[in-house]
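K.L.:
One structure, as structure tokens, below. Some questions next.
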Protein chains: 2
Amino acid sequence: MTVDITPDAALDSGVDRSAGVTAPAGFRAAGVIAGIKPAGTPDLTVVVNDGPADVAAGVFTTNKVKAAPVLWSQQVLTAGVLKAVVLNSGGANACTGPEGFQDTHQTAEKLAEVLGVGAAQIGVCSTGLIGERLPMDKLLPGISAAVEALGDGPEHGLAAATAVMTTDNVPKQAALTHPDGWSIGGFAKGAGMCAPNMATMLSVITTDAVLDQPHLDHALRNAVGKTFNRLDVDGGTSTNDTVLLLSSGASGVTVTPEAFEAALTILAADLVKQLQADAEGVTKHVSITVQGAATEAEALAAAKIVAEDNLCKTAFFASDPNWGRIAMAVGNAPTAFDPSLLDITLNGAQICKAGGKGVDRSEADLSGLEIDVLIDLHAGPASATVLTTDLSHAYVEENSAYSS
Amino acid sequence: MTVDITPDAALDSGVDRSAGVTAPAGFRAAGVIAGIKPAGTPDLTVVVNDGPADVAAGVFTTNKVKAAPVLWSQQVLTAGVLKAVVLNSGGANACTGPEGFQDTHQTAEKLAEVLGVGAAQIGVCSTGLIGERLPMDKLLPGISAAVEALGDGPEHGLAAATAVMTTDNVPKQAALTHPDGWSIGGFAKGAGMCAPNMATMLSVITTDAVLDQPHLDHALRNAVGKTFNRLDVDGGTSTNDTVLLLSSGASGVTVTPEAFEAALTILAADLVKQLQADAEGVTKHVSITVQGAATEAEALAAAKIVAEDNLCKTAFFASDPNWGRIAMAVGNAPTAFDPSLLDITLNGAQICKAGGKGVDRSEADLSGLEIDVLIDLHAGPASATVLTTDLSHAYVEENSAYSS
């Protein structure tokens, strides 16, 4: 994925996927089996910020139908402070009415009580089926168990990343250490704007960098806009999507907003790559870049319409360089361009040139895992990249065999 | 499908699917094998209007990437006159540049020459793969053969409906006779806003009613808006979509615009029902009605977002009353509503009430062919219905096994 960040040679050492939310100093985490999921697999995660700072920011779903934990966390984050986050899998707590909101409130109260902080300093996230109440008789004791299990080792970060999984096949985490002495880490679950079965993308990111809340918030919004919001598995935006960023300031190192945003964007882009690779039914990792658009918003709209088009997605599944379907999809975007200038390049082969046939289709080899689509509109200087997946039999199987 | 038309008891006798474009007086048609399709199946249709009138109207794709025949037919229809239409399957003649436009021009010239009329009085439609030139050495002799085969019997109308088929399994036609002595007939091919493989919805409708061109045009736009534009198989709009309406005036009966639009809407709705039933990979006929919206446009936007959502579509395939996915999709629509008032009824069972769980899911039986989704936003007086299909293994198979 192309991310438009200030290059930072200091980060060349790259991202470490063996570490996650406990990599930055000042954070403890745990993931336990509370019994929310009938399968008896881990389903409750707690991440605690031991400070000294407690600034936090969040980005939430734009869906009008928001789950109770989203309404709660949005509200508490207006103060820009979080001492801890509790996340459950096994139930989205969406479309559950005032009772569902009360369940979220009680969840925050319980963790606050055990930690000796205020409920308004607790973030809550949920993921799972929409429309069902959570089993509070299992969730509340699970919170006590999770707090007892808290630790700051890499195994604790991994346990936290594991207990939020639903149809994810693998836990997804990453960490980055800056040579200046601060670090950033995080986990994510889900598979796109809308994780197919379970309908949620959740991520918690921690840092020990010292940064004030407005800059933290600004960096998070920019990074999410360039990373999480440019993965589009099936066009949906769930009722529960949440990305939370917590800073402990425990490194004592004050960072510039620019350096922090650059590192955060690299970390988030890595988590997004992991989400793409674990999307339901995925057999192809597809990158759609639209360049030569008048504005970035128009480039993004055109890339998204291709990413969401089922005809393009079934062609990707078939390794078929069917550029006519891509031309059709781009032509439906709310994006200005002259069709007689349209170029489409698939894995390096310019198969559509000036709105017509380019090199022979045999030159576009899409048989591998990676498919790079480059669309040039020749209408301006702006570009944008969206990551997506193919539409496979496995996607249909996973999303139809599963019963609500 | 709910269509908002003036009730006309005279039309209660209903639509006759054994007749089509040759049902109205003054029309001849033919469908022949020109050899454009390698399979050697019928691939060239001609419909001729013998008058006395020759008024016509057309509605075309909104895609910015328009096929050569769309550019041609839009241009000639600015005069509101068509003496004949020639349609080919086996090639869309889209993304073929100036040479492709010249091929369309030559096609119109050839039919005009054989019929002894002007090329500017000939409509042209094409359907098939995007990006390939048409085999003019086969298409042009095919026009002569089609003109020799012209006739006004029902078998000629059926042949015309057959030669435009691509991945369609059956020809789709319908006719209506009004007791006042005039009639209307038509055929259609394709499977939605975008016929999956071949990317085109084409329809030709004929009438012997006497009506001036502005009223014909107005009736066509209204009827298409309420019928063809409310079928949404996969959200795409092809490069070639075209609906043409030709009037011969041969009945000598002058109709009111209202009576004509009512009959045209009934006929088009029937053709749309046939398109839905023959959509690629379809195993469910799904009707999505959104009511209680502030405006019809908002109702339509909400219905379309559900119709295009792959999570809803895989749930339909599984006969799964997964209303949470529907709530998620509606929440992403550019439509104002209060989530705590949302009702969702599936095949008569109100499974979501006031934003939360309604009757038990066992009461929503989706095991049959028909699935009716009724979404009440409680935000105003407007409603709209969109027809769609499920997302099945067969859809993926048909659109991936087929190679461009």
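Note: Cβ is positioned from N, Cα and C throughout, glycine not excepted.
Unlike curated entries, TrEMBL annotations are predicted automatically.
What you are looking at is a predicted structure, and each value in this text was computed from that prediction instead of being measured.
Just lifted these from TrEMBL, have a look:
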ACT_SITE  A:THR200  active site, nucleophile
BINDING   A:THR166, A:LYS189, A:THR200, A:GLU280, A:ASN399, A:SER404  substrate binding site
K.L.:
Among the binding-site residues A:THR166, A:LYS189, A:GLU280, A:ASN399, which ones place their CB within a distance below 8 Å of a chain B CB?
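P.N.:
Listed binding-site residues meeting the cut-off: A:ASN399.
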K.L.:
Let's check the environment of A:THR166 (substrate binding site): how many other CB atoms sit within 10 Å of its CB?
P.N.:
24
K.L.:
Check the DSSP secondary structure of A:ASN399 (substrate binding site), expressed as helix, strand or coil.
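P.N.:
Once the DSSP labels are grouped into three classes, A:ASN399 (substrate binding site) ends up as helix.
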K.L.:
Need the DSSP three-state call for A:LYS189 (substrate binding site) to compare against my parser.
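P.N.:
Looking at the DSSP assignment, A:LYS189 (substrate binding site) belongs to a strand.
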K.L.:
Take the Cβ of A:GLU280 (substrate binding site) and count every other Cβ within 10 Å, whichever protein chain it belongs to.
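P.N.:
Counting Cβ neighbours of A:GLU280 (substrate binding site) within 10 Å gives 25.
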K.L.:
Can you tell me the three-state DSSP label for A:GLU280 (substrate binding site)?
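P.N.:
The residue in question, A:GLU280 (substrate binding site), is coil (DSSP, three-state).
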K.L.:
Among all protein chains shown, how many Cβ atoms are found within 10 Å of the Cβ of A:ASN399 (substrate binding site), not counting that one?
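P.N.:
Result for A:ASN399 (substrate binding site): 26 other Cβ atoms within 10 Å.
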